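These features come from TrEMBL:
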| type | residues | note |
| --- | --- | --- |
| ACT_SITE | Thr375 | active site, nucleophile |
| BINDING | Arg102, Thr393, Leu394, Asn395, Asp417, Ser446, Ser447, Gly468 | L-glutamate binding site |
Amino acid sequence: MIPATMKKFFLPILVLFLFIQCKNQPAIPTGLVVEKAMVVSAREEASKVGADIMANGGNAFDAMVGTQLALAVAYPRAGNIGGGGFMVYREADGAIGSLDFREKAPKSAHRDMYLDSLGSVIINMSTLGATSVGVPGSVAGILEVHKKFGKLPLAAIFEPVITMAENGVVVTAKQADMLAQYREVFTEVNSDSTKFGAVYKEGDIITYPKLAATLRTIVEKGKDGFYKGEIAQKLANFIQKNGGFVTEDDLASYDVVWRKPIAFNYKGLKIISMSPPSSGGVTMNQIFDMIAPFDIGTFGHNSEKTIQVFTEASRRAYADRNYYLGDPDFVDIPLDVLLKDSYLEDRMTDFSFDKATKSSDVSHGKVEIVESMETTHYSIVDEEGNAVSVTTTLNGNFGSKLYCDELGFFLNNEMDDFSSKAGVPNMFGLIGAEANNIQPEKRMLSSMTPTIVEKEGELWMVVGTPGGSTIITAVAQTILNAYEFDMSMQDAVNAPRFHHQWLPDIVTFEPEGFSTELKTSLKAKGYFINEERTPIIGKVDAIRVLADGSLEGGADKRGDDMAVGF
Ligand code: GLY
């Protein structure tokens with residue numbers, strides 16, 4: 001028999017010992033595990049195109065080109081050639097980099113282009129139809145990646161996608177719902193005869209012969225095949241005929257930029273993410289630095305204390321995001337200050353577990369949040385160990401809803417990611433400042449956060465998500481789920497998420513996984529929670545490298561997402 005006094009000491013020590021033991025055990029995978037190479041994307045068809053490219057001798061960069069194009073066919077609400085995006089990569093030897101293929105404002109754009117004579121924002125002008133279209137960057141992006149890193153001939157990468165576009169793709173239940181939801185607006189923006197004015201049911205097959213022809217021209221003529229000549233002429237005419245601003249000259253002038261990614265340490269991890277004009281890397285760096293002094297691993301996953309620390313760090317980071325960040329080619333961003341340890345330590349000095357900080361005490365502003373699931377992310381690892389993390393977007397669902405029937409693709413409404421008027425929220429509820437005002441050929445600020453994580457100097461995770469302003473917090477929580485809370489990749493992706501973005505001063509929770517007691521206790525401390533709004537937050541697609549070098553996929557159960565590999 002153990003004496004009662006010993007029990008008193010022994011039991012807590014045993015519990016702590018078991019907890020530490022358990023935490024040190026690698027999580028048992030619950031997602032697809034493959035030995036060599038994997039793609040995780042929003043559609044099985046697109047993941048398969050990428051995985052097949054690698055099985056046929058291509059590398060992760062070739063697979064990126066194929067997956068990007070396949071998503072334009074299989075997932076047209078966000079997959080695109082009429083939008084833009086960002087890629088973060090880590091080569092097998094550890095070299096890192098990133099590509100900015102974000103859209104640009106047309107040359108005729110100007111700061112007040114979406115304001116009326118009284119200085120008010122004109123409803124829908126930056127969100128719907130041709131007036132909202134920025135100069136697309138995706139085609140230039142994939143061709144640049146192929147030029148720098150590609151192994152297979154471009155034609156071999158394009159061919160399966162062209163075949164897919166010609167043969168068609170099956171409509172999923174989720175896709176049928178989405179198309180039904182937008183059908184009326186497609187005909188309003190385009191015409192009754194537009195392709196997406198038709199009714200598509202689950203199981204129907206949609207073919208894209210016009211897109212297949214556009215892709216053939218690109219493969220034959222390269223970048224000029226899209227940005228100059230016949231396609232550019234048709235595209236510019238089409239946008240202008242519908243009242244938009246993009247000209248042939250804008251298309252001919254478009255180019256991508258290789259940028260140095262944001263890289264920072266969090267405890268035993270090195271996190272590599274996108275630099276401005278994406279706010280993803282900077283904001284995530286700030287959040288991680290502000291939570292690092294807290295041992296959230298012992299607080300527990302989605303516990304009250306973890307939610308408080310994460311929310312308060314997000315509050316402060318988003319306030320900085322909205323004020324300081326914009327296109328670095330146009331504005332000076334004080335990154336040396338924003339990412340400095342002492343600055344971030346200082347930002348958290350007024351944090352207390354006893355009560356919420358008021359967003360109005362952090363800075364100023366007033367907005368309504370409108371979260372959404374647009375944008376799409378895919379993660380790729382190849383057999384050699386090259387990793388590619390890409391988030392790409394049309395901005396809104398199906399972008400501007402403007403569909404170029406002649407060329408076979410949707411056009412973005414990325415101009416809404418600029419701050420049309422300082423202090424007025426965009427469609428994600430984010431308010432912007434001067435740093436993100438509209439200027440000719442400037443790139444609009446983004447929240448896209450394609451990310452790669454190293455652990456002990458080795459590739460550990462490739463991760464990203466759609467979700468507008470919620471992208472940054474969803475990516476950060478997925479990394480924490482795996483690292484601090486020892487979840488498998490699939491469980492880390494599935495786990496319920498919450499979000500806070502400074503303004504509005506509301507913490508948003510997903511429908512499942514957060515108890516009434518937890519919310520009541522947070523409210524008592526002064527957190528504002530709208531219990532009637534419990535949207536889905538993000539749709540994370542990720543890959544984790546396991547101890548034996550095999551790969552575990554995390555394909556978000558919230559969508560049709562799928563991991564495919566070999
Ligand atoms: N269009 C969404 C983003 O770039 O964050």
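Cβ coordinates are placed from backbone N, Cα and C, and glycine is handled just like the others.
In TrEMBL, annotation is done automatically, which means it is predicted and not curated.
The number of other CB atoms found within 10 A of the CB of Asp417 (L-glutamate binding site), across every protein chain shown, is 28. Put simply, the residue listed as 'active site, nucleophile' is 7 Å from Gly468 (L-glutamate binding site) when counted between their Cα atoms.
Residues Gly83, Gly84, Glu374, Thr375, Glu414, Met444, Met448 surround the recorded L-glutamate site, their Cβ atoms falling within 8 Å of the Cβ centroid of Arg102, Thr393, Leu394, Asn395, Asp417, Ser446, Ser447, Gly468, which are themselves excluded.
DSSP gives Ser447 (L-glutamate binding site) a coil state; it is part of no helix or strand. Here the CA atom of the residue listed as 'active site, nucleophile' lies 11 Å from the CA atom of Ser446 (L-glutamate binding site). Within 10 Å of the C-beta atom of Thr375 (active site, nucleophile) sit 30 other C-beta atoms, taking all shown protein chains into account.
Classification of Thr393 (L-glutamate binding site) by DSSP places it within a strand. For ligand 1, the binding-site residues lying close by, meaning a CB under 6 A from one of its atoms, are Ser447; the full candidate list was Arg102, Leu394, Ser447. Cα spacing between Thr393 (L-glutamate binding site) and the residue listed as 'active site, nucleophile': 4 Å, rounded to the nearest whole number. Comparing Ser447 (L-glutamate binding site) with Thr375 (active site, nucleophile), their Cα atoms are 10 Å apart once rounded. Cα of Leu394 (L-glutamate binding site) to Cα of Thr375 (active site, nucleophile): a distance of 6 Å.
Cα to Cα, Arg102 (L-glutamate binding site) and the residue listed as 'active site, nucleophile' are separated by 12 Å. The Cβ neighbour count for Ser446 (L-glutamate binding site), using a 10 Å radius over every protein chain in view, is 29.
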